[in-house]
């Protein structure tokens, strides 16, 4: 039929059977024309419909669009001309075949369609339709055949079809031009992301990324160079897609879980066994905790709703999954064309009669197949990684969102570190697993297909080889599970080590004060030792696994070939069989290697998924008991309210009935642990409701007892996301007494505050926290002891200007928890709490008249002067202590105090590192050179940062190449000798590899000499034996090299960690002030684990791939020396691409880690400030901040992924060219080569692509991972403080007198700041008691820091008992002084460890100290006594108890000099009194320096030193100073002290 249609032969195979093969013209004009057209017409309608549905606004016309339209227009004209010619030619005789009419008409229709399609794409973001690009490619490929046929006809001199041929050639040219045009991308005004506008060809080859790579090569990339990700994969849209699925799946899972529970409760008989297992599952290395804790623990290990997370994720992202599955499938099928083509090429070279053109066709086919394979594989990877990033983003966002609503009970199960881990580690694990997930099914497919093709080659003898592989799988499985267990164990060690590190860094100040660093250093070293021991075992098992992997292919081929040759004497191994099989075995090797790895990473992901499910499925905060009613007559009403912190513990707030009218100021008073802060928390909905409810009218503002300060400027902290109202802002600053502080801080209110407010004094933080609440114009103010950390006169100022009857907040409802009795007469109503219940309530006068609890307590404090008064206090306190201890031992953890509430124990780790010790004093700048803030005008944003204003330095980010010195440092740590041996072993492996290949090709050449009948057995056995021996040698060499490198790498990471730890502990205090803890912890966590795990792996892989490639190239050159010519240009391109890529990739990885830290630090900041964020209802703002941060990080990760694909596709092209060139060589030189050489060269060339790809990946991996060494090295080089012990040791009993002399002593905090102490000279005699007073920032704390040499002198000196303290070692000095710091910092561990980390004192001494510190009854009442576990930062003790413990520490040390740093600021008056009494009695023989807030605490001192602006303004006994009017006199007057004995309030 088609013959008639064309009027010529349609198909005849004789056409191909010649040296000059060709296709019939009819075939070329029908089938080959209709294939592309059919493709286009089938797809066009769908696409047009799609464009119509999803159209955006039309974009402006570009030159590129016009060019394409014009050229298609030309094609249209050409088709019309051709049709016209045909009509002219055909004069109705019917001589012209039908095909000459139909084709031009088809083309006319098609070109019109193309014009319409191109026009319709104007409404799309992506101007180039993918199917049009494919159509052009198809069309050009199919027309090539006709093109060469027509040219041949013309060359033979046949001009009959000249006009038609010319038209064809012109339109062929135009099509090529249009294809070239459509390869370019058209920019779009709306989107700045080049990916969205990239043309089809550009996006499958990732060429749109070229500009970024070029930019990255010229100069290091910055965040602005990386474009934003698409809207649909931004965090917000991902979360909104995921959440509905999550909610649905979680509901289903919860229902299923309830059904399971009902079933289980019916099967009660098994419960006993169950209990047993529970106890076993608590591993021995966790110290036995109290029973109460155990109960809680076993309660939480029960299973919750299961397996909903994966379902929800799948439903959210299934489209990307399906796309990647499709690509992977295509790739896997194409993969198996290679061995078949190889077989054809070998048979072509062996067969001298084959036509030459078939060889070229095979070579081209090899290239095309490889190219398709590369495109599929890289785009598949791209989809996988994109999916991975999206999942990670979704998880991060969900965890953050969950954290904002999680109930306190659920939150208690996680420390902050663990929650941050969910976000960092677990999300990352899921991301890693998604990129490999398809290997599960694809490796099975590959295994089945390879076995099928191998069977075709070698028959049943394949089964022998496969059996070996199958046997190796369970062996590998056992080893991998063993390794997984080791890793789990190691994670525990790592967690413990990081927990200690966190505490060391949070309490570094205490460690320095007490010279305790060595004790903690040893603790860390012990854990690290365990960790490294596990690492070595892990490495050894890894080496065995590697050995087996290497041995597997060799063993398999040896066994298969031997069996094949031995089974039947007719079987002779020839080149076709051997090399095709080897290629197939190489394909098999990958799935068998990858499968165990994927399975083990799947198992890890399962653990992560469980943890995430438990967290995301946790209960939300139940605020149903808190009712908000706008039309209520009372501001706050408690009705029968009973609240608790944990369901099974006693209630902390019991049956409270309380009405607060709008606009009232109500004071809440009570002893430590009476539930004042819990009352506040109950109102905020932070506690579990037992019964009763609370009704609130209007919005709430909250000031926690421990101020929560964000890392940012002071202004940001006060505005807290609200609009700036300049007038109100200045009023608030003035009222909160912040103006004097702002004058001192560099940069005024734009001064940056470190994380956790590290560079502010306690008072400043408290006032900023108060200012934040005051600025937010709320209806109800909950103030949890905001006056505890400020001096008396500041407290008075704040009360009058903010809280009191005439303050800024007058007319608002205020609930004020306070210990300051002297404000009580001014409040409207007083509520007295005791043990969680309301004891009495009324106005000040009413309560006094009633003579109840309140009146009794007040009286006690008013007669402090008289001896019997003291007795009263003591009795009262002993009673209180007993009462308290009874409570505590019964309940695992009651926040007796707000501190433990606001920052429940998990938050401990951002517990402020001592507050005022870093008092702003360090920034003192005289007003002239500071920003002058006169009459409230805030200066315009200073262009120039004032020196010292930026506290936290930007994290130092290396740019450019990693220096050689870093590599050398690592290699030196490994040991040169080891390195030499490792390299030698790897080289031997390569040699054996080349040898075994050459041997195999010699073996296959036997098949030409002998035929199957006369093949000598001895020859055969020798061939098998040597081949096997060479294979075994490869395995053994790799095994030795791996083992050796494991040991030396572990050695290296041990050395690096030791150096890092030693150096960090010796860093001066200012290093910790200017470096956020997170950044240091990061070195110990991320960077050390990189050096432990990733670096050694990438180092080994790199060696193997590098030598493998060299080996392959050497072998190809041995076979065909001319190939060396091809290697040189390809090598140059390769190195070029590599250089371009590595520069960009490295910088992107750095940007990734720099943008990642803020996500985590913002998260941990959020978790610690949750009560505040929830109280102000700012959850949404924090969510948005987190999403913005995640998006910034996501764009870096995304860009990095693309850069990998960009590279891989280019490298694979080079690999494919190597294959193509070597195939061409084989065809060209086929007369001089034998089949075995061809097989040998090509089978190696085919495996080179993967290795090349891997090599560059490893090079960049090493570059990226070595950055960890670079960052560790940066901190190893941090300058140290003075040595701990010097040559000059003071006498053992020094200081025997405790006589301190300052002579013209000057000091500054950091070199760029002004002096804080400006020449202090004074003489403190032995056993004198000195009180130091002065406004915040006058340099009081700096004075103590100088005594301990936390700050080194800038001039002058201090001598103690005649020894200049600068001349002796720091530990000799600090070990002999004692301080009770302002912030009681405790470490997790036993009580005993907290008192005496070096185990120097006996138990008797410790109990004695505890007795003196009034803690004996409390500790004796604990189940475990001295071994009672203190949680992170002492979260399970109240602040008062912590302060008493610190007093205990001081009593133990019995040193001659004691410094008290505002030690009683956070304690109620009662505890304060206890401490004062103890100090008076126990330290009577010491020199005591007290830095005071409350003047009455120092009225009994021998001398008082008044500091102002770093100078001593007055120095003398209290009597003298009170007589003459001066600074001290006025301060005393403010505090209401007239004479020395008058210590009333």
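For all residues, glycine too, the Cβ spot is worked out from N, Cα and C.
What TrEMBL says about this one:
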{"type": "TRANSMEM", "residues": "31-49", "note": "transmembrane segment"}
{"type": "TRANSMEM", "residues": "70-88", "note": "transmembrane segment"}
{"type": "TRANSMEM", "residues": "129-150", "note": "transmembrane segment"}
{"type": "TRANSMEM", "residues": "162-184", "note": "transmembrane segment"}
{"type": "REGION", "residues": "257-282", "note": "region 'Disordered'"}
{"type": "TRANSMEM", "residues": "316-337", "note": "transmembrane segment"}
{"type": "DOMAIN", "residues": "324-604", "note": "domain 'ABC transmembrane type-1'"}
{"type": "TRANSMEM", "residues": "433-455", "note": "transmembrane segment"}
{"type": "TRANSMEM", "residues": "461-479", "note": "transmembrane segment"}
{"type": "TRANSMEM", "residues": "535-567", "note": "transmembrane segment"}
{"type": "TRANSMEM", "residues": "587-607", "note": "transmembrane segment"}
{"type": "DOMAIN", "residues": "636-860", "note": "domain 'ABC transporter'"}
{"type": "TRANSMEM", "residues": "973-995", "note": "transmembrane segment"}
{"type": "DOMAIN", "residues": "980-1264", "note": "domain 'ABC transmembrane type-1'"}
{"type": "TRANSMEM", "residues": "1024-1046", "note": "transmembrane segment"}
{"type": "TRANSMEM", "residues": "1207-1229", "note": "transmembrane segment"}
{"type": "DOMAIN", "residues": "1300-1534", "note": "domain 'ABC transporter'"}
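Same-chain residues lying 6+ beyond the ends of the transmembrane segment (129-150) with a Cβ under 8 Å from its Cβ atoms: 22-23, 25, 28-29, 32-33, 35-36, 39-40, 43-44, 47, 114, 117-118, 121, 161, 165, 168-169, 172, 175-176, 178-179, 182-183, 199-201. Summarised as a single figure, the pLDDT of the domain 'ABC transporter' (1300-1534) averages 82. Counting Cβ pairs under 8 Å to the domain 'ABC transporter' (1300-1534), the top-ranked stretch among 324-604, 636-860, 980-1264 is 636-860.
Residues of the same chain lying 6 or more positions beyond the ends of the transmembrane segment (461-479) and with a Cβ under 8 Å from any Cβ of it are 451, 454-455, 541, 544-545, 548-549, 552, 555-557, 559-560, 563-564, 567, 571, 585, 588, 592, 595-596, 599.
Comparing 70-88, 316-337, 587-607 for CB pairs under 8 angstroms to the transmembrane segment (433-455), the maximum falls on 587-607. Beyond the ends of the transmembrane segment (316-337), by six or more residues, the same chain brings 238, 241-242, 245, 369, 372-373, 376-377, 379-380, 383-384, 386-387, 390-391, 394, 438, 442, 445-446, 449-450, 453, 587 to within a C-beta distance below 8 angstroms of the stretch.
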